[in-house]
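According to TrEMBL, the protein carries these features:
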type	residues	note
TRANSMEM	12-31	transmembrane segment
TRANSMEM	37-57	transmembrane segment
TRANSMEM	69-88	transmembrane segment
TRANSMEM	94-118	transmembrane segment
TRANSMEM	139-157	transmembrane segment
TRANSMEM	163-180	transmembrane segment
TRANSMEM	208-225	transmembrane segment
TRANSMEM	245-266	transmembrane segment
TRANSMEM	278-297	transmembrane segment
TRANSMEM	303-320	transmembrane segment
TRANSMEM	341-362	transmembrane segment
TRANSMEM	368-390	transmembrane segment
Amino acid sequence: MNGIRLWHFAQASLGIVQWVGIAILLNPIIIERTSSGALLGQVMALIGGAGLLAPLIGGMADRYCCHRLLQRMALFIHFIALLILYFAETTAAIYWTVGILIGIGSVALLVLNPTFVIASSKNQNDEGRGLASLYQCQFFGVVVTGLLISIADFYHVPSDDQLLILMSLVIIVLCLVSVCPPPSIETDKSYFEGAEKKSANETTSQQGAAPWFLFLLAVFFSMFLSSNLMELGPLLIKEVYQVNVGNSALGMAISAIISIFMLESAGRWMQRSGPFKVWYAAQVIYLIVGTLFWLTAGNDVQALVPIALLVLLMQAMSWNDMIIPSIAGRLSPNSPALTQGLLMLCMAGGFGVGAMLAGLSIDKFGYASVFTLSLIGIIIALLCIGLLTLSTQKNRRTISAS
């Protein structure tokens, strides 16, 4: 974790709330209190749907130079969401509110935190180290939260009281960011206008929109597997494999420790071979994990098997999340800001649609049906990747011939 800054721990709130909080506490709490898979799917869809606000949040921060304020507001929104969940009963509207708040807080952090790193970087090496440290802080949040939830579960602390652990961690993060804020960002509108126009013209002259469209489709459908198996994973392995959720929290913590080191390897691989090979590897791991979950569902397997698959999935997700912004920049015919906004939109859309379908599938066909839905999603994504590869090769031959 070289080059770490205290404000980087703002990203840890994503590990605390978005990763552990949703997977280990939010989903089981909704099922226990309401027994509604459809409501669970709706809440997850609202969390993903908040990605629609990403361009608005970024534009507001740039226009009014309120990046720091919005970052602290995002952390406070995470805390309010957990507080509401703590007192929630069985009313659907309350859980919808929790989903919306978690989504807004997470999207704001995903938009703002990398912006601080990029704006404060003097060169590409600084930028690489800063982004790596940012994601490592996210997984550090997963480690701490996962271990604390595992200990609480070992001592039979109720799920409601475990929410207090998450609220305390978010408050600690908010205090750190308030005491040691990120560097201020002054928006130079003329610079952005010139840079965006140049980037768009250069990219459009080299390639068509087909690879970019296929890439977005692949991201959208791959989210069916990554979001459902990660966010619903602990609940699924509890219901399908009868594995204690506390063990899942411990597995997530162990996996996050591995991810902190694996991100370094992925970064070096990207420097040597570019981002595409790392992305392909992540998608192949998605396929392997999805297939093994689908094959073993309903069978008598050791508890270690589904937890190990969840650990492997987290490694692939950490690589995927780090790589896809770089690929988007290479393929998009749009300006840089619009490029990342569209990428976030497809990720949020895949998350929301996949979660909604998963919730409906649970109600109609049972928990194991989510594995089938996830496997279908990654197969479609791989077909899009195959077409993307063919289209990219065709464009390269065309450029070489011209």
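The backbone N, Cα and C atoms fix where each Cβ goes, and this holds for glycine too.
In this chain, the transmembrane segment (163-180) does not touch the transmembrane segment (278-297); fewer than three CB pairs sit within less than 8 A of each other, excluding pairs fewer than 6 residues apart.
Between the transmembrane segment (245-266) and the transmembrane segment (208-225), fewer than three CB pairs separated by 6 or more residues in sequence fall under 8 Å, so the two stretches do not touch. Counting same-chain residues at least six beyond the ends of the transmembrane segment (37-57), those with a Cβ under 8 angstroms from any Cβ of the stretch are 22, 26-27, 30-31, 70, 92, 95-96, 98-100, 102-104, 106-108, 110-112, 227, 231-232, 337-338, 341, 344-345, 347-363. Proximity of the transmembrane segment (69-88) to the transmembrane segment (208-225) is not established, fewer than 3 Cβ-Cβ distances being under 8 Å for residue pairs spaced 6 or more apart. Long-range contacts of the transmembrane segment (163-180) within the same chain: residues 5-7, 9-10, 12-13, 16-17, 20-21, 25, 71-72, 75-76, 78-79, 82-83, 85-86, 141, 144-145, 148-149, 152, each at least 6 residues beyond the stretch ends and with a Cβ under 8 Å from a Cβ of the stretch. Ranked by number of Cβ pairs under 8 Å to the transmembrane segment (139-157), the listed stretches 12-31, 208-225, 303-320, 368-390 are led by 12-31. No contact links the transmembrane segment (368-390) to the transmembrane segment (94-118), because fewer than 3 Cβ pairs that are 6 or more residues apart lie under 8 A. Counted over residue pairs 6 or more apart, the CB atoms of the transmembrane segment (94-118) and the transmembrane segment (12-31) come under 8 Å in at least three pairs, which marks the two as touching.
Within the chain carrying the transmembrane segment (208-225), a Cβ under 8 angstroms from the stretch's Cβ atoms is held by residues 283, 286, 289-290, 320, 324, 327-328, 331-334, 342-343, 346-347, 349-351, 353-354, 357, 373-378, 380-382, 384-385, 387-388, 391-392, 395, all 6 or more beyond its ends.
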